[in-house]
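Trainee: Sharing the record's features from TrEMBL:
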type: ACT_SITE; residues: E126; note: active site, proton donor
type: BINDING; residues: C12, C96, C192; note: [4Fe-4S] cluster binding site
type: BINDING; residues: H41, H74, H124, S220, S221, N222, S263; note: dimethylallyl diphosphate binding site
type: BINDING; residues: H41, H74, H124, T164, S220, S221, N222, S263; note: (2E)-4-hydroxy-3-methylbut-2-enyl diphosphate binding site
type: BINDING; residues: H41, H74, H124, S220, S221, N222, S263; note: isopentenyl diphosphate binding site
Amino acid sequence: MEVKIAKDAGFCFGVKRAMKMAWNELEKSENGIFALGPLIHNKQAVSKYEERGLKTVEQVEVIPSNKSMIIRSHGVGESVYSEAKEKSINVIDTTCPFVKKIHNIVKEYNDKNYKIIVIGDMKHPEVIGINGWCNNNAIIIKTLEQMNEIIFDNSKKYCVVAQTTINLTLYNNIVDKLSKEIENIEFYNTICSATKVRQQSAKELALDVDCMIVIGGRHSSNTQKLVDICKEVVPTIAIETKLELNEEELRKYKVVGVTAGASTPDWIISEVIEFLELI
Ligand code: SF4
């Protein structure tokens with residue numbers, strides 16, 4: 001079997017940076033470190049960090065005073081920093097710089113009395129964090145249809161940002177509609193190219209193989225998006241690790257392509273490639 005690997009696959013810049021910072025801190029720490037929410041959407045990687053002393057919690061409340069806490073690459077709202085400060089918690093901030101830039105825009109415009117609009121999914125941790133920089137008062141839009149339910153006030157000024165992983169076509173469509181409805185509006189296209197680049201290379205590779213294997217966490221939305229893109233072109237198998245691969249099933253393909261979500265560590269990708277190369 002011939003195995004081809006997508007040009008861009010696996011950890012993006014922000015996740016790579018966050019995971020490295022977290023690991024370095026864990027190596028220095030003797031009593032373990034808390035992480036606010038799972039570091040990434042990858043069970044296997046999180047387990048590896050937990051074995052080294054990482055404790056994942058959902059709220060600052062449960063972290064004892066004077067301990068260390070990692071803020072993951074998705075970022076968090078302003079109140080989390082204040083809560084940590086009150087408890088003298090040492091913050092290891094691994095927020096991706098691209099997400100941090102959105103926090104700064106939102107804070108600046110909120111302070112200038114602009115109403116903030118976030119194009120994204122209100123349940124996604126990144127969007128929850130962004131909303132936390134304008135007192136949780138942002139209008140969050142995920143679909144064009146949703147816009148019909150919102151009444152905009154043309155006596156106000158608006159500022160629009162986007163979840164970094166949102167689809168560009170959706171962003172453009174919503175921006176078009178917003179510009180027609182609101183007179184005083186400023187747009188910041190804060191979509192991160194890492195997602196787009198991964199999606200493009202997955203599609204290109206899918207066109208060139210008999211079957212695609214997409215590696216990544218079941219709860220990782222960018223991995224699921226890669227699965228959908230590949231499925232439109234060739235039979236596609238979604239896995240978290242090599243253990244889910246079925247040798248018999250794979251034997252019917254001559255050329256297999258491999259890609260991985262932005263939260264899939266290199267070692268998991270390498271294990272899959274090694275397994276395939278032996279078939
Ligand atoms: S996808 Fe982009 S914004 Fe999100 S963590 Fe990666 S580099 Fe940062």
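Cβ coordinates come from backbone N, Cα and C, glycine included.
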Trainee: Taking every protein chain shown into account, which of the binding-site residues S220, S221, N222, S263 has the largest tally of Cβ atoms within 10 Å of its Cβ?
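Mentor: Sorting the candidates by Cβ neighbours within 10 Å, the top entry is S263.
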Trainee: Among C12, T164, C192, S263, the binding-site residues in the record, which have a C-beta under 6 A from ligand 1?
Mentor: C12, T164, C192
Trainee: If you count other C-beta atoms within 10 angstroms, which of the binding-site residues H41, H74, H124 is the most crowded?
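Mentor: Per the Cβ count, the most surrounded site is H74.
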Trainee: Checking the binding-site residues H41, H124, S220, N222, which are within 10 Å of C96 ([4Fe-4S] cluster binding site) at the Cα level?
Mentor: none
Trainee: Filter the binding-site residues H124, T164, S221, N222 down to the ones within 10 angstroms of C192 ([4Fe-4S] cluster binding site), Cα to Cα, kept in sequence order.
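Mentor: Of H124, T164, S221, N222, within range: T164.
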Trainee: Which of the recorded positions C12, E126, T164 has its Cα nearest to the Cα of H74 (dimethylallyl diphosphate binding site)?
Mentor: E126
Trainee: Given the recorded (2E)-4-hydroxy-3-methylbut-2-enyl diphosphate site (H41, H74, H124, T164, S220, S221, N222, S263), which additional residues of the same chain have their Cβ within 8 Å of the Cβ centre, ordered by sequence?
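Mentor: Apart from H41, H74, H124, T164, S220, S221, N222, S263, the close residues are E126, T165, G261, A262.
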Trainee: How many Å separate the Cα atoms of N222 (dimethylallyl diphosphate binding site) and T164 ((2E)-4-hydroxy-3-methylbut-2-enyl diphosphate binding site)?
Mentor: 11
Trainee: Using a 10 angstroms cut-off on Cβ to Cβ distances, just flag whichever of C12, C96, C192 is the loneliest among these binding-site residues.
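Mentor: With the binding-site residues C12, C96, C192, fewest surrounding Cβ atoms within 10 Å: C192.
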Trainee: I'd like the number of other C-beta atoms within 10 A of the C-beta of T164 ((2E)-4-hydroxy-3-methylbut-2-enyl diphosphate binding site), please.
Mentor: 27
